[in-house]
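In TrEMBL this protein carries:
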- A:Ala153, A:Val154, A:Ser155, A:Arg156, A:Ala157, A:Gly158, A:Lys159, A:Thr160: ADP binding site (BINDING)
Number of protein chains: 2
Amino acid sequence: MTELRPVFYVSDGTGITAETIGHSVLTQFTETRFESTRISFVDTLERASETVARIREAGARHGVRPIVINSCVDPEISAALVESGALMLDVFAPFIEPLERELGQIRQRHIGRAHGMVDFERYHRRIDAINFTLTHDDGQSLDYADADVVLVAVSRAGKTPTCIYLALHYGVLAANYPLTEEDLEHDRLPPRLRPYRNKLFGLTIDPARLQQIRQERRPNSRYAQLETCRREVAAAEAMFRAERIPTLSTTHTSIEEIASKVLTTLGLQREMF
Amino acid sequence: MTELRPVFYVSDGTGITAETIGHSVLTQFTETRFESTRISFVDTLERASETVARIREAGARHGVRPIVINSCVDPEISAALVESGALMLDVFAPFIEPLERELGQIRQRHIGRAHGMVDFERYHRRIDAINFTLTHDDGQSLDYADADVVLVAVSRAGKTPTCIYLALHYGVLAANYPLTEEDLEHDRLPPRLRPYRNKLFGLTIDPARLQQIRQERRPNSRYAQLETCRREVAAAEAMFRAERIPTLSTTHTSIEEIASKVLTTLGLQREMF
């Protein structure tokens, strides 16, 4: 029987850092199911005591001690949360003391600084990248002169979500080009892609999986037939091989992993937003 | 004089967890500038020793001890990285022992589990949300029956990036409706939004900031005039007040913060992707 354990991500900011690390750690404990609740913007003692009440209530309801992953920067608020009786795991504490010693300075307690507004210039770069990606999605604009990367693949292989991720989190000007039936008749790159060879990254996918995805989108179309998927994927892979385009299969790969592989392979070092 | 300190985010997966927490912690140390490098997919001892060489080289170049924020799950790889001489900060270590004790089990070392592929059903929900957002962006489709949230604002107030964030990270069906000049002549909700009142969230923005953003987009247009921005923002705010639509100013707010506030305000609890 799998135990159900309530987990609370508590933060005086968005809670994104707490949930990111908490999720990474908890997926390593496979014998427990976790019921997670994010409580953001706990930035007053009043909000802290409401939070304590919610945590206690969950503990009583499940008859088990809750876990709190806490990223509140204010020590008074963190102290108040201890009243919940939960197992308290502090996201920042283990890093602060070694860093203060190494850097010879005391950290500044800027609440929610990490996912707060940075500077307008940085914000503009991010928004510009998102706009670029939306206007260069699915072959809408084929002007790739400014693009950092052009993802190339058959329809429904994962291009759009990856481009959006790259733009939103790395400010990368990410375009994508859908290989058409006509493109796939040749095993050379479509002429319009040739000038951008160094920016190209091919995505491929297991044909059975592609069939499943297309079937949800356009049930019982020729587009969704397994035979069509097989033929298109084989032709795309042959083209990538012949042209030595770096390639990744998206079948068992998350959006985050595809994005990371693209950055690593093309040598794009960008600070994460 | 601000010191420049090299920081490496080293991971056997994407490195997203390491960079997220590292960024949150390091922004609290304001007297140092950090030059950060992400090294993903360090999943062999060979990759580990390449990484050690890069870290040593950066330390020698800057004449200062580098910092490594390490999220490698394999202890052999973590041990190899110690050879770099850097200050080693381990992302998972502080959490593992208390959790093993609390849960009475040993963690499983699944490399890169957190941002790896989860199940296909969960993946579909994510992709469906992204597709929904793209087809319901900027008033393209006005069918909000399935929407979880409809962001309402004047043009360029931050609707699109927020919707994309909500879809990509929380699987939220996020639509957005741009208030037109005609809408703004009345201080009541546009009739087509009325059936969805409980899903509405208004964004507002400082008119001077809006003017700046519009000016970059369409220089010297009527659209970008300060007077136009002032009038539109005032009319939108009056409408939100009259209709008691929850509202947030995006002027000094990051995409992450807007998304979190929307989720919190509308009571949408979604596990983060």
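Including glycine, each Cβ sits where the backbone N, Cα and C put it.
Whatever TrEMBL says is automated annotation, not expert-curated.
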**Report entry** Environment of A:Ala153, A:Val154, A:Ser155, A:Arg156, A:Ala157, A:Gly158, A:Lys159, A:Thr160, the listed ADP site - residues of the same chain whose CB lies within 8 A of the CB centroid
**Finding:** A:Asn176, A:Pro178, A:Leu203, A:Ile205, A:Thr250
Query - Of all listed binding-site residues, namely A:Ala153, A:Val154, A:Ser155, A:Ala157, A:Lys159, A:Thr160, those lying near chain B with CB under 8 A - result: A:Thr160
Query raised in the report: Of all the binding-site residues given, A:Ser155, A:Thr160, which has the fewest Cβ neighbours within 10 Å once its own Cβ is left out?
Result: A:Ser155
Requested in this report: Give the sequence-ordered list of residues that share a chain with A:Gly158 (ADP binding site), lie 6 or more positions from it, and have CB atoms under 8 Å from its CB.
Outcome: A:Leu203, A:Ile205, A:Thr250, A:Thr253, A:Ile255, A:Ile258
Query raised in the report: Same-chain residues six or more away whose CB lies under 8 A from the CB of A:Ala157 (ADP binding site)?
Result: A:Leu203, A:Thr204, A:Ile205, A:Leu210, A:Thr250
Query raised in the report: Using a Cβ-Cβ cut-off under 8 angstroms and a sequence gap of six or more, which residues of the chain neighbour A:Arg156 (ADP binding site)?
Result: A:Ile205, A:Leu210, A:Ile213, A:Arg214, A:Arg217
Query raised in the report: According to DSSP, does A:Lys159 (ADP binding site) fall in a helix, a strand, or coil?
Result: helix
